[in-house]
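Encoded as C-alpha cells, the structure appears first; notes follow it.
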Amino acid sequence: MSLALPLQRRDLDWQSIWNRTIVFLFITTYFFDGISRYKHMISAAIYITGLVYIIQQRKKIFSILKNNLFLSLAIFTVAMIYAITISVEPSLSLKRASNSIFEKLFLVSIMIAMVLHREDNKKIAHMLVLALATTLVILTGTELHQYIEEYKVGIIPFTSFEHRRISDTLIFIFPAILTLWTIPGAKYKTIFFVLAAIFAILMLGTLQRGTWLSLLVPALIWAIAKREWKLPLLAALVIGVGLFTVHQKDPQQVKTLFHKLQQTDSSGRYENGTQGAALDLILENPIKGYGFGNDLYHHVYNKRSPSYPDWRFKESIGPHNLTLSIWFAGGVIGVAALYYLLASALVSSIKGYRENNGPAQDAFLILTLILIGDFIVRGAFETVRIENIAVIIGILLALHAKKYYVEN
C-alpha cells in the first residue's frame with residue numbers, strides 16, 4: 001500500500017502534465033497558419049482526452065456544465081443552427097458552421113473544460129500566462145521573417161497593412177504581458193520589459209487604430225483593477241519621449257499621425273461603407289436574417305450591390321462589425337444569442353475575479369480583458385471570428401469547475 005500511493009501520485013502528476021500540455025500547445029498554435037497537420041493532432045489529443053474523462057466520470061463530470069455560461073453557449077449554437085435552416089444558400093452556411101461553430105466553438109469549449117476540470121486553478125493560470133507569452137515569442141519570429149522578406153522587395157517596415165492580421169493574437173497576448181509586471185522579482189521585470197518592447201513594435205506594425213484602441217481600453221481597465229499607476233506613467237513617458245523625438249526629426253509625420261487618430265471614417269466603415277452597406281442589407285430582412293457565413297455574406301452583398309450605386313465598395317469586404325455579422329446571419333435571434341453569450345462570459349470572468357485571489361484571480365482578469373478588447377471593442381470595428389471565444393469559455397468553465405461540483 002505504501003508503495004502504491006507514490007506511484008498513484010506520480011501517475012496523477014503525469015496526467016496533470018499531459019492535460020495542461022495539450023491545452024498549452026493548442027493555445028500557442030491557435031493563431032498560426034501553415035501548421036494545420038500539427039493543429040489537427042493537438043485538437044485530436046484534446047478531444048480523445050476529454051472523451052476519456054467523460055466516459056470515466058460520466059455521473060458527475062457534466063455538473064460543470066450546469067451553469068449560465070454553458071447555457072448561453074448552447075443557445076448561441078442553436079441560433080446558428082437556425083441561421084443554417086433559413087439560409088438563402090444552406091450549403092454555404094452549413095460548410096462554414098460545421099467548422100467554425102460546431103467544432104471550433106462548441107466542441108473545443110467543452111473539451112478544454114473537460115480536460116482541465118480537475119486541474120488546480122493556480123496551475124491553469126500559470127499555463128495560460130506561459131502559453132500566451134510563448135505565443136508572443138513565436139509571433140515575433142514569424143513577423144520578423146515577414147518583415148525581412150518584404151524589405152527584400154522594397155517594402156519598408158511600418159508601411160504595409162499586411163501585418164494587421166495579427167491583431168487578434170496581440171489582443172489575446174496583451175493581458176498576459178501585463179500580468180508579468182505584477183510578479184515580484186527582478187527576473188520577471190526584465191522579462192516584462194523585453195516582451196513589452198517586442199509587443200510595442202508588433203503593435204505599431206499593424207497600422208490599425210482599432211487594434212490600438214482594443215489594447216488601450218483593457219490596459220486602462222487593468223490599471224484600475226490593479227490600482228497600478230507606475231506602469232501607465234512609465235508608458236506615457238516613453239510614448240511622450242518617442243513622439244518628441246520623431247517630431248524633432250519629422251514634424252509632418254507626427255501631424256499625420258494625430259490627423260489619422262482623429263478621423264472617424266477613414267476606412268469607409270459607416271455611411272455607405274462596410275458597416276453602412278451591411279446595415280442596408282440587414283434592414284431589408286431584419287427579423288429573419290440571411291444565413292450564416294462570410295461566404296454567404298459576400299454572395300448576398302455582391303448580388304445586391306448593383307441596387308445600391310452609392311455603396312463605396314462594389315464587391316464585399318465584409319461587414320467589419322461583429323454584431324452586424326451575426327445580425328445578418330441569424331436576424332434578431334442571432335443578435336440576442338450573441339449578446340447573451342458575451343454577457344454570460346463577461347459575468348463569469350468578473351465573478352471569478354472577485355471570488356479568487358493570487359494566480360487564479362489573474363487568470364480571470366486576463367480572460368476578462370481579452371473578452372472586452374477583442375469581442376467588444378475590436379468587434380465594433382472588425383468582423384471578429386466568434387470561434388476565438390472558445391478558449392476563453394473552456395478555461396472559464398475549468399476555473400469554475402470546483403465550485404460547480406459543490407453546487408451540483
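Each position is counted from 1, following the chain as shown.
Yeah, the Cβs are placed from backbone N, Cα and C, and that goes for glycine too.
Now, the feature entries from TrEMBL:
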type: TRANSMEM; residues: 12-32; note: transmembrane segment
type: TRANSMEM; residues: 38-56; note: transmembrane segment
type: TRANSMEM; residues: 68-88; note: transmembrane segment
type: TRANSMEM; residues: 100-117; note: transmembrane segment
type: TRANSMEM; residues: 124-145; note: transmembrane segment
type: TRANSMEM; residues: 165-183; note: transmembrane segment
type: TRANSMEM; residues: 190-209; note: transmembrane segment
type: DOMAIN; residues: 195-338; note: domain 'O-antigen ligase-related'
type: TRANSMEM; residues: 229-246; note: transmembrane segment
type: TRANSMEM; residues: 322-343; note: transmembrane segment
type: TRANSMEM; residues: 363-381; note: transmembrane segment
type: TRANSMEM; residues: 388-406; note: transmembrane segment
Is it the case that the transmembrane segment (322-343) and the transmembrane segment (38-56) touch, counting contact as three or more CB pairs under 8 Å in which the residues of each pair are 6 or more positions apart?
no
Candidates 38-56, 68-88, 124-145, 190-209, 363-381; stretch with most C-beta pairs under 8 Å toward the transmembrane segment (12-32):
124-145
Counting only residues 6+ away from its ends, which parts of the chain sit with a Cβ under 8 Å from the transmembrane segment (124-145)?
20, 23-24, 27-28, 30-32, 116, 163, 166, 169-170, 172-173, 175-177, 179-180, 191, 195, 198-199, 202, 205, 359-360, 362-363, 366, 395, 398-399
Out of 100-117, 165-183, 190-209, 363-381, 388-406, which stretch has the largest tally of CB pairs under 8 angstroms to the transmembrane segment (38-56)?
100-117
For the transmembrane segment (388-406), I need the partner stretch with the highest count of C-beta pairs below 8 angstroms, choosing only from 68-88, 100-117, 190-209, 363-381.
100-117
Cβ contacts under 8 Å made by the transmembrane segment (363-381) with residues that lie 6+ beyond its boundaries:
121, 124-125, 128-129, 132, 167-168, 171-172, 174-176, 178-179, 210-211, 213-215, 217-218, 221-222, 225, 269, 320-323, 342, 345-346, 349-350, 352-353, 356, 388-389, 392, 395-396, 399
Sequence-remote contacts (6 or more beyond its ends) of the transmembrane segment (190-209), Cβ cut-off under 8 Å?
133, 136, 139-140, 143, 147, 157-158, 160-161, 163-164, 166-167, 170, 173-174, 177, 180-181, 215, 260-261
Taking a Cβ cut-off under 8 Å, which residues six or more beyond the ends of the transmembrane segment (68-88) line up next to it in the same chain?
94, 97, 101-102, 105-106, 109, 288-293, 296, 299-300, 329-331, 333-334, 336-338, 340-341, 343-345, 347-348, 393, 396-397, 400
